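Colleague: Dumping the structure here so I can ask a few things about it.
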Amino acid sequence: MDQTPFPEIPHRHEAFADGLLLDCGIRIAPLAIAYRTYGTLNAARTNAVLVCHALTGDQYVAEPHPLTGKPAWWGTLVGPGKPVDTDRYFVICSNVLGGCMGSTGPRSERTPGGSDAWGIEFPPITVQDMVRAQKKLVDSLQITRLFAVVGGSMGGMQVLAWASMFPDAVFAAVPVATAPYHSAQNIAFHEVGRQAIFADPDFHDGFYASHGVIPARGLAVARMTAHITYLSEAALTRKFGRRLQGGNAKTPVLFGERFAVESYLEHQGSSFVRRFDANSYLCITRAMDFFDLAADHGGSLATAFRGSKTRFLLVSFSSDWLFPTAESRAMARALNQAAANVSFVEIVSDKGHDAFLLDEPDFHRTVAGFLTGAAEAAGLS
Amino acid sequence: MIEPAPVRFVAKNMRVDLELIAGMISPGSRVLDIGCGDGILIDHLFRTRHCDARGIEIDMAEVTRAVAHGLPVMQGDADTDLSHYPDDAFDYVVLSRTLQAVERPREVLRQMLRIGTRAIVSFPNFGHWSLRWQLLSTGRMPMTKAWSRMWYETPNIHPCTIRDFFDLCDREGYRVEHWLAADEAGRRAPWRRAPLLANLFGEQGLFLLRHDQRAHANRSETTDPAR
């Protein structure tokens, strides 16, 4: 399968000459944030919804992807007449800081107009840095308060960071299939992926660009590992079982006859390397690993949300073992402790972590109802 | 005014005393409804009394229905989740027809009066004459509209009578600010000043409680549940 990276294309973006001071102490300037918007901002500028994407997502939340041509990654949730209704809300989605779809990241030039990209030397970033970059974008659109911030997985971490860092700028928060910190198990899976990238001879210690190659094999293996964590055993069994690809030979050779699940993962890995930069992957997985909201607030998650007026909807999925329901429940309890307004639902699904991106009618009904109720409370007609 | 819903769990059939409970709640209050079902009381309080009303419900299908109606409801268990709220977070904490179904009714009441200034509690009265008569005449566990499940599968593991409840309030130092007995349809029964008669003829009891002397020093410490 072709693993040639897609050519880089221009993305709509906002540039900030003053840049951004990162948690690590480095100021990165200028800062570019690539973004898309859908729907119309009302005159009072009160109907904006920010959608935060997950690890390998991007700003093309509600339209076909310009590189892959694949359908909108959250088209089930965001669009005209959908739960995040673009006929009603002004939806903003930006590529995260550290990403590779037009926002400042490892592929960006170190100095404006230079030919030297950051690559592996891009400064370490945090989820909070991503949120500060988004805040600059939201400010530049002259929006003082977002009606809602919505996101799943790493997007959900950004939602939590938004609600704790800028409580007055978030009327409603919808963190989905997420957690207030990355667990040891999650970090472990990320590390396997990173080690696969490091082990690829084409990685060249991160300076693969100057060799005119990409660590395709390593990045593909990283994606394959991660993809397993996005699915449940039930979903894998239902989709593939022990089915063999290409016939049912009674005496399969050691590596000749392939299980259907293997070629599925192979395909996931190969198509991923065409659109995603390895250094971006390293940078963003690290930001997720560092995320620990309670640790940033003296070990108390409740402190992070003390006095919050934001209305929260927490959603988990019953078969998600990457971000299990127990973590959403702990968050709900911490929000109770902070006397915040919180709704919490576990959606029954056998589709694993991926369920948040798939057709889950109960999930969509829940988000639609929550936003409608919140819109009423916010006085949005 | 409202059709009684079919009794699935006794605890869920809360439509009948909705008006009576709402009548005890001051407009604009902060309310937590424990065992809120699909959130009909919360919705009612929000729309007619402008309350900041929230709910906890154990049945996920009901929670999903409530949230899909835009109501702030979280999945949780009265027996385990109340301890995570701070002291005095609410003006009223409501437990409608759920007390008899929780594991530790006394602890739930304590938590209610820790996190709220007042507690509103309703429960089906096990002292009603028809239950007494059935037990006396047949020698078997009574079956009525409110007590409609066989003893081996009923969720109502802690039945009590109106007299029992008065007694518990007395022991725990809860002041009964208001009480009444009602029939199944939520109509107020006319035994306001006669607990013994209410205990015989009231199908359910409804109480508004307040801590007599709130022992602030002895409050249980809440711990951070997140880690």
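Residue 1 is the first one shown; counting continues down the chain.
Keep in mind that glycine also has a Cβ here, set from the backbone N, Cα and C atoms.
Any TrEMBL annotation is an automated prediction that lacks curation.
As listed in TrEMBL for this protein:
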ACT_SITE  A:S153  active site, nucleophile
ACT_SITE  A:D320  active site
ACT_SITE  A:H353  active site
BINDING   A:R223, A:D354  substrate binding site
DOMAIN    A:47-358  domain 'AB hydrolase-1'
Colleague: Looking only at C-alpha atoms, tell me how far the residue listed as 'active site, nucleophile' is from A:R223 (substrate binding site), rounded to the nearest Å.
Modeller: 16
Colleague: Counting across all protein chains shown, how many other Cβ atoms sit within 10 Å of the Cβ of A:D320 (active site)?
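Modeller: Step by step: centre on the Cβ of A:D320 (active site), count other Cβ atoms within 10 Å, giving 28.
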Colleague: Compute the C-alpha separation of A:D354 (substrate binding site) from A:D320 (active site), stating it in Å without decimals.
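Modeller: Computed Cα spacing between A:D354 (substrate binding site) and A:D320 (active site) is 8 Å.
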Colleague: In whole Å, how far does the CA atom of A:H353 (active site) lie from that of A:R223 (substrate binding site)?
Modeller: 15
Colleague: Pop the Cα-Cα gap between A:R223 (substrate binding site) and A:D320 (active site) into the table, whole Å please.
Modeller: 18
Colleague: Where does A:D320 (active site) sit in the DSSP three-state scheme?
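Modeller: SS state of A:D320 (active site) = coil.
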Colleague: Mind looking up the mean pLDDT for the domain 'AB hydrolase-1' (A:47-358) in the predicted model?
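Modeller: Overall, the domain 'AB hydrolase-1' (A:47-358) comes to a mean pLDDT of 95.
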Colleague: Between the recorded positions A:R223, A:H353, where is the Cβ count within 10 Å the lowest?
Modeller: A:R223
Colleague: Secondary structure at A:D354 (substrate binding site) (DSSP, helix/strand/coil)?
Modeller: helix
Colleague: Quick one: what's DSSP say for A:R223 (substrate binding site), helix, strand or coil?
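Modeller: SS state of A:R223 (substrate binding site) = helix.
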Colleague: Look at each of the recorded positions, A:S153, A:D354, and point out the one with the fewest other Cβ atoms around it within 10 Å.
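Modeller: Output over recorded positions A:S153, A:D354: least Cβ neighbours within 10 Å is A:D354.
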